[in-house]
Amino acid sequence: MHKLRKIIHIDMDCFYAAVEMRENPALRDKPIAVGGSVQQRGVLTTCNYPARKFGLHSAMPTGQALKLCPDLILLPVNITLYKQVSHQIKQIFHRYTDNIEPLSLDEAYLDVTDCVQCSGSATWIAEEIRRAIFNELHLTASAGVAPLKFLAKIASDQNKPNGIFVITPGEVDNFVKTLPLSKIPGVGKVTGQKLLQMGLKTCGDVQKLDLTVLLNRFGKFGQRIWQYSHGIDEREVQSHWQRKSVGVEDTLLRNITDIEQGIVELERLYPILEQRIKRACPDIPFERFRKLGVKLKFEDFQVTTLEKSAVEFKRENFIVLLRQIWQRRQGRAIRLVGLQVTIPEQKAEQQMSLW
């Protein structure tokens, strides 16, 4: 019998547009979209909720979108910025688990089955993650919590935007029975229409059918429909992300300008960094961590980092870096301080010992 899992699906709300509104708050209440121009025969990558009131949606041709919403503000895709923010989101995920399966820049599965934070509650963990994303990055995320991947994904869409929906193990059967087949990942308009022609509207309808009926009509995907309709999804969260660094950062309660205040914050973060290194890299001694980094975020939300190789991993070397990077402040107050180390490459014998 498979171990009962706790899976969270995080889906950022209109991610690209949300990042653009964060960068330029004047856009917040205006219909905006990110995508290609009419001249490029482009399509919308995403749009904010004011734009969606006009019927706009992702993948809509830009020309059509402008006809529906003549006042639409169209912004070009800034993929460098979105990747940067996506990385920051993933760093929040890593506070709870390393078992992360990114689906895109704004969407990921997390397996928190063995997580000890929040008393092991996947619901509380999901809420903490959403709160951290909002407080630290000024973005909203929706979350779905369930024991199966496909249900976690469906759940994250239930209370969008900025919501959470939980399906406990005991609720799976009832939830699946009434679930419209159109909600199943991969069931588009064409497949949905074919299912309707067969008299199948919900997963409960499929439960009355023999598997061979769906196999004959839809091939291998028919098996997937049948399994999901019976609450079966044995796929595990697959993490292909190789961790390259360990870090800790904190948004301050009040902005600071004095270097001595920065050192106090560094002193507070340093032992937390040590704990995270021990947890993330238990087989690597501290003396091998020599590439150290300090990160600052200013009151204007600009971020700067300074990384240097040191003779050894110790508190004093981080303070040296902090004093150097503090000179980049240029009169701006500091709202966040962070520390990080680059994980050294393992020696051949250490790599072999893993097998």
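Placement of Cβ uses the backbone N, Cα and C atoms for every residue, glycine included.
Predicted, not measured: the structure shown is a model, and the values here were computed from it.
For Glu107, the entry in Swiss-Prot reads active site, with the evidence type sequence analysis. Non-local contacts of Glu107 (active site) by the CB criterion (under 8 A, 6+ apart in sequence, same chain) comprise His9, Ile10, Asp11, Met12.
Per Swiss-Prot, Mg(2+) binding site is recorded for Asp11, Asp106, and the stated evidence type is sequence analysis. According to its DSSP assignment, Asp106 (Mg(2+) binding site) is coil. Sequence-distant contacts of Asp106 (Mg(2+) binding site), defined as residues of its own chain at least six apart whose C-beta falls under 8 angstroms from its C-beta, comprise Asp11, Met12, Phe15, Tyr16, Tyr82, Ser86, Ile89.
The feature domain 'UmuC' is assigned by Swiss-Prot to 7-188, with sequence analysis given as support.
Annotation comment: Swiss-Prot describes Tyr16 as site 'Substrate discrimination'.
Mean model confidence of the domain 'UmuC' (7-188) amounts to 93 (pLDDT, 0 to 100 scale). The Cβ of Tyr16 (site 'Substrate discrimination') has 27 other Cβ atoms within 10 Å, all protein chains considered.
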